[in-house]
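Trainee: Got a structure for you, written out below as structure tokens; questions coming shortly.
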Amino acid sequence: MLLLTLRRAKGRDRGRPAGGPRRALSLPWSPAWICCWALAGCQAVWAGDSSSSGRPLPACQEKDYHFEYTECDSTGSRWRVAIPNSAVDCSGLPDPVKGKECTFSCASGEYLEMKNQVCSKCVEGTYSLGSGIKFDEWDELPAGFSNVATFMDTVVGPSDSRPDGCNNSSWLPRGNYIESNRDDCTVSLIYAVHLKKSGYVFFEYQYVDNNIFFEFFIQNDQCQEMDATTDKWVKLTDNGEWGSHSVMLKSGTNILYWRTTGILMGSKAVKPVLVKNITIEGVAYTSECFPCKPGTFSNKPGSFNCQMCPRNTYSEKGAKECIRCKEDSQFSEEGASECVDRPPCTTKDYFQIHTPCDEEGKTQIMYKWIEPKICREDLTDAIRLPPSGEKKDCPPCNPGFYNNGSSSCHPCPPGTFSDGTKECKSCPAGTEPALGFEYKWWNVLPANMKTSCFNVGNSKCDGMNGWEVAGDHIRSGAGGSDNDYLILNLHIPGFKPPTSMTGATGSELGRITFVFETLCSADCVLYFMVDINRKSTNVVESWGGTKEKQAYTHVIFKNATFTFTWAFQRTNQGQDNRRFINDVVKIYSITATNAVDGVAASCRACALGSEQSASSCVPCPPGHYIEKETNQCKECPADTYLSIHQVYGKEACIPCGPGSKSTQDHSLCYSDCFFYHEKENQTLHYDFRNLSSVGSLMNGPSFTSKGTKYFHFFNISLCGHEGRKMALCTNNISDFTVKEMVTGSDDYTNLVGAFVCQSTIIPSESKGFRAALSSQSIILADMFLGVTVDTALQNVNIKEDMFPVSPSQVPDVHFFYKSSTATTSCINGRSTAVKMRCNPMRPGAGVISVPSKCPAGTCDGCTFYFLWESAEACPLCTEHDFHEIEGACKRGLQEILYVWNEPKWCIKGISLPEKKLSTCETVDFWLKVGAGVGAFTAVLLVALTCYFWKKNQKLEYKYSKLVMTTNSKECELPAADSCAIMEGEDNEEDVVYSNKQSLLGKLKSLATKEKDDHFESVQLKSSRCPNI
């Protein structure tokens, strides 16, 4: 009834118009008075009930009730009222009195004593934050906190149909901290709090992996962000360091969100976000102090926190001090709530080390218990520590160091060198020391290296050595827990090239190479990290699980202070017992070249001055090598580049690949966008200058196992620009997550420059962010190999079935690139091939595509293929690409036109020749000539035909007469000279037998196809004249 009355009174006050007059406290019907009258009414009812039963109620004692404040009214006033405890019947409760103002609160270490309404100090074993609350116990999710897992991608189909949903994704309590999800779901840790006055929220966190988005923001009770600013992005921290974050809170309801979203594009596991010690200031008063949690204590009044019990002690809830364990049979970790029995010792409880060399050059193998020692040797099944003291010969000094007769190795003086087994010697004239470090013998930890151990959840291994030397290798130490980070650091103040290469530009300054192996039975991980100028530690590469002995090289291109870090973690799950103590990593050698403070294992040739007396080394100009005969600087030949590893001898100048040329300083090779190819006695000229600007390809979409949609974005800088790498890929995740740095610092950059680079793009709608996200930018190519029509160059091969066959007869041109950085999956680095194809239907920049069988552009993750189709990839036009067409002759003039061959497979180049006119004879003239000749020929043929016909008739007649005459005279020879002349006929013609043919005879013979004489002697035979 009291609560109902309070709500009604409060509701009536809220219903007052905003501009209406306020009710004075002295009015009998103010909300506070209504509450008081309601309380009095309740007491009267209780009294009436008791009197009606005939049983008088006892007077209320202080133990029978407690005080509370009413809700604040619109004037900021409230009343203190007495509330009977449950199951207590009494009478005579104290009357309501005016309470403290609503914004009142006590200081840290104090609480509000409600009887007198004054602040009092907390007693021993308790603590108070005053007007704040603190969450530092994460054995389970504290009351008021909630987990909400959402999937913000817009994929087709209901979320229930996804093979792997987000229902099991949540923040996980880990004892002293809470850990975020590791997948690509969006999980929010939510806490709602109502503040009586302005305050703040403060928490500590560890956030080292930018493959997870980490946001902290605040909403009101209407689910609206209080301040929609970029401050919600939490900054990255270094490995092992706890950062802090605080945000001001407004009075009223504040809903706090810790939200993480994983961006998983590969197989590597991400490091989760860790949060601890959440403190909220500005809440209502506290009327009591909180008891210290088990494992902590408070030994003085007015404490605002409790201290953790040291190791081998424990405490219960509300303890004033810690109780020691029985040290001979029990132990406890720091902050323990109880002691546990010590287990028997096993082989997992000790490790071996090598002592420094003694004066005899011997080292001892020593066995030590893992500290702190928690096992017992006096139990039945316990093992004892193996005997120590076995002596072995010390390994020699590392290259660049020498032994001066003592038990330690010393660096060689400047200008000298040693292989580690002999004394230091001065470099001969014309040479200089090859500075660097080569650590391959591990008897003691080198001076510029240090080792440590830390754990995000406890301090067991603080002060321990994370790594131990072991003769021919250095190995991970025991640590305090299986999830410890075992740290090994190498500090190098800077890098510089050899003297002869001081003027070179664009080349590497040095490199660090190490040989290692891991032996693991669980999910161990080895991280290799680089810190530049002590500002940002970034993970360069990581290896999980057991790895065979292998080498890894990291190239240095910038002169800065570097700290290289190797961090080894056996497992990411913390447990009380040690299960993976035998999981180790071994590093056999670490080599750093061109270190500023390095030592020399050998000497290398250097260039001498031009003067005869000069004996000191001088730097060569860029692109010059050292001539062996004279030790003088000499420029590399054209189209060669200078090796970044050695400059001695002409062989240091390496020829450029096909179709490429060197820069002026011979630092690298590049394509000037022109290419020439001989084909069938024809030279094809290609001009790719219009494609020299960066070409882009957005490929996808693809989806992760959780369904996150992402795209692969490629940038290609094909040629030109004097070899400058114009393709840039950005990481805009780092715009929100990188640590604060000095303005203008270029130690940490969000841009990746290369010939070919790749970014992973997550669209804005995929994760509910306001802009698309670009992450995981990698260099696919930073070295140009060459350009050729062949499909293979330097072990990069384009298979015939990789792309569709070109419909043209113009050969495709191939640009080949590679990356100088090796990875665990690509030991020889990545390589890229770009196939340029002539396609007149693709004007301008054209279209870039990837193989259909490799939608990500690569089939193995190491070699990338692209097909770039454009009209600009066609060869320049020549005289072979057009032909002429002759027009009709008109009025004595003829027009000659030139047209391109179809289909046209060329661009630009030469232009079509202008049409030209030439003199000619018209068709009418030749028609007339032809008609005349034809008519004459026809008349001649008719005349000849008639002549020969008539001639033939006469001969036939004479022949028949001759035959008839011969038969009638029965073989009498003719008496006349003429043949068959009848009476009345004139002897008009004389028959002359002659072998000579006249002109007409020749024509007749041609007509009758006779080859011999026209008239041959014919012997006529008759049966009656056998003698003839």
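Including glycine, each Cβ sits where the backbone N, Cα and C put it.
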Trainee: For the candidates Asn167, Asn277, Asn690, I need the one that Swiss-Prot annotates as N-linked glycosylation site.
Mentor: Asn690
Trainee: Swiss-Prot pairs Cys729 with one of Cys719, Cys757 in a disulfide bond, so which one is it?
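Mentor: If we follow Swiss-Prot, the cysteine bonded to Cys729 turns out to be Cys757.
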Trainee: Where does Swiss-Prot put N-linked glycosylation site, among Asn404, Asn732?
Mentor: Asn404
Trainee: From the set Asn168, Asn559, which residue is assigned the annotation N-linked glycosylation site by Swiss-Prot?
Mentor: Asn168
Trainee: Given the recorded positions Asn168, Cys322, Cys345, which lie within 10 A of Cys309 (disulfide bond) by CA-CA distance?
Mentor: Cys322
Trainee: In sequence order, which residues at least six apart in the same chain have a CB under 8 Å from the CB of Cys673 (disulfide bond)?
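Mentor: For Cys673 (disulfide bond), the qualifying residues are Asp687, Phe688, Arg689, Leu691, Ser692, Leu718, Cys719, Gly720.
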Trainee: Around Cys325 (disulfide bond), which of the listed recorded positions (Asn690, Cys838, Cys862) come within 10 Å, judging by Cα atoms?
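Mentor: Hits: none.
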Trainee: If you measure Cys862 (disulfide bond) to Cys357 (disulfide bond) at Cα, how many Å is it?
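Mentor: Each residue's Cα considered, Cys862 (disulfide bond) and Cys357 (disulfide bond) end up 46 Å apart.
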Trainee: With every protein chain in view, how many other Cβ atoms are within 10 Å of the Cβ of Asn404 (N-linked glycosylation site)?
Mentor: 9
Trainee: Which of Asn168, Asn690 has the fewest nearby Cβ atoms, counting only those within 10 Å, among these glycosylation sites?
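Mentor: Each of the glycosylation sites Asn168, Asn690 was scored; lowest Cβ tally within 10 Å is Asn168.
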Trainee: Where the distance is taken from Cα to Cα, which of the disulfide-bonded residues Cys345, Cys757, Cys874 turns out closest to Asn168 (N-linked glycosylation site)?
Mentor: Cys757
Trainee: If you count, for each of the disulfide-bonded residues Cys322, Cys719, Cys729, Cys757, Cys862, the other Cβ atoms lying within 10 Å of its Cβ, which residue has the minimum?
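Mentor: Taking Cys322, Cys719, Cys729, Cys757, Cys862 as the disulfide-bonded residues, the minimal 10 Å Cβ count falls on Cys862.
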Trainee: In this predicted model, what is the average pLDDT of the domain 'MRH' (671-876)?
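Mentor: Taking every residue in the domain 'MRH' (671-876) and averaging pLDDT yields 80.
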Trainee: Distance between Cys729 (disulfide bond) and Cys826 (disulfide bond) at the Cα atoms, whole Å?
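Mentor: Cys729 (disulfide bond) and Cys826 (disulfide bond) have their Cα atoms 21 Å apart.
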